[in-house]
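So that you can see what the record holds, here are the features copied from Swiss-Prot:
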- Glu105: L-tryptophan binding site (BINDING)
- Arg119, Arg272, Lys274, Tyr276, Tyr341: substrate binding site (BINDING)
- 1-28: region 'Disordered' (REGION)
Amino acid sequence: MDRNSFTAYGPATGAITESGEQENDHTKPHTWKTFAKYACFESEAERQWWNDSGALIARFLSLTNGDIDQQYQCLLFVRQVLIPALGPYPPVRRCCINTTEIGMELSLNFQGPGEPVFRVSIDPVSRMTGTPMDPLNINTVNNMITRLASMGIKGFDRTLHHHFTREFCMSEQSMQSYQRDSGEAIAWSQTILAFDFKGGDVVTKQYIWTRHAARASGLHPHSLIRRAISRVENQMHCSAAVELVLEYMETFNADIPVPFFSWDLVDPTQSRFKIYGISWQWSWAKAEEVCTLGGKLNHHDIDLLKKLWHILKLDEFTPTMGFTWNYEIRPGQPKPEVRLYLAICDRSDEEVAQAVVQWFELLGWHERAQSYPETLRYLHKTKSAHTWLSVTVSEKGVYTSLYYHPLGNGSDDFKIRENWF
């Protein structure tokens, strides 16, 4: 595809182009076009990110059916906060948040037959990133958190950011010696951010990887998690559920300790705490074990998850990515909710769309099922537009998220270049 033009298609639409011209009455030419027409960029890389992923994000936002004011608010946030944090274009720094190793991921969360919620996850980049000044990218994320705090975002709270970075992130001197002694040619970021766009508001989440702190301290990642949670138990009230999860991991998944965890950047008494697990064992038996914590929980509607497993034909082949899941723990909740992440990056978009349609029909989301293949028309026609499908089945309902390649102009064989910061 010509990188000088970007075309994205959506349900019953025309197109958004780099000039902003389109035929879709639903999105109108007022959002992305308005910002693109008179936008001033600090660098050519910012302009290219905006014309590529910025235009793609505009389409995602339009799918959430927010009104025009909400779309403006969200796009302004993307333009002013996210785009400057993406670094060089095309991207040159490897990131482990998705299968493309690009430091951004886009997703849609479907919570029923209504409109989905849009999310962006990013590994922020600055001139310090990956250098001896900030080898694990901690200072860059800290600076972005400071900027977010100054913006007066509704509900934004840095308390848990300060707590968990203090518990898990090393000092600058320790980071430098860690990079030298670890023998790693390049250090991956230790912490990243994600943003949910809901009704014109932005909800921020933070993730921290555990292995750097574990290696530097000589302590097991689970010991560090237990200690960190115990110090905020009077606010988060989640230690019982955390202990339940860690005991399961130590019994059934001991070869791969908790690789990372996340929380909401809100008041600690309202924040969820999520613990992630990874296994290279792709089988329904493993998935059932994960969902029941090795038999300790009676998972709500496990048979429904098994049907999704078969719809995705996960017994017929092994994905190239590991089987991933998380346990979501809410304040005061004695037991976690389980979310499975099923790799679909090895499938064609057509295969994935057919599976999603079948899944949505099974859930009774008939209109959403009928429209999903059409919503994919705006995505570039590659073999890997989709990366993951995640699902939670709880008493409140079924939550399904689909994750996508972040470059609207990306080609099938896009690879991170072998030069680094």
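Along the chain as shown, the residues are counted starting at 1.
Every residue gets a Cβ built from N, Cα and C, even glycine.
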Item to check | All-chain count of other Cβ atoms within 10 Å of the residue listed as 'L-tryptophan binding site' | outcome: 23
Next on the checklist: For the C-alpha pair, I'd like the distance in angstrom between the residue listed as 'L-tryptophan binding site' and Tyr341 (substrate binding site), rounded off.
Outcome noted: 14
Checklist entry - Hey, what's the Cβ neighbour count for Lys274 (substrate binding site) at 10 Å? => result 20
Checklist outcome for this item: Judged by other C-beta atoms within 10 Å of its C-beta, the most isolated of the binding-site residues Tyr276, Tyr341 is Tyr276
Item to check | Secondary-structure category, per DSSP, in which Arg119 (substrate binding site) falls | outcome: strand
Checklist outcome for this item: Taking every pair from Arg119, Arg272, Lys274, Tyr276, Tyr341 (the record's substrate binders), the biggest C-alpha distance in Å rounds to 18
Item to check | Arg272 (substrate binding site): tally of other CB atoms within 10 A of its CB | outcome: 18
Checklist entry - Per DSSP, Lys274 (substrate binding site) is which: helix, strand or coil? => result strand
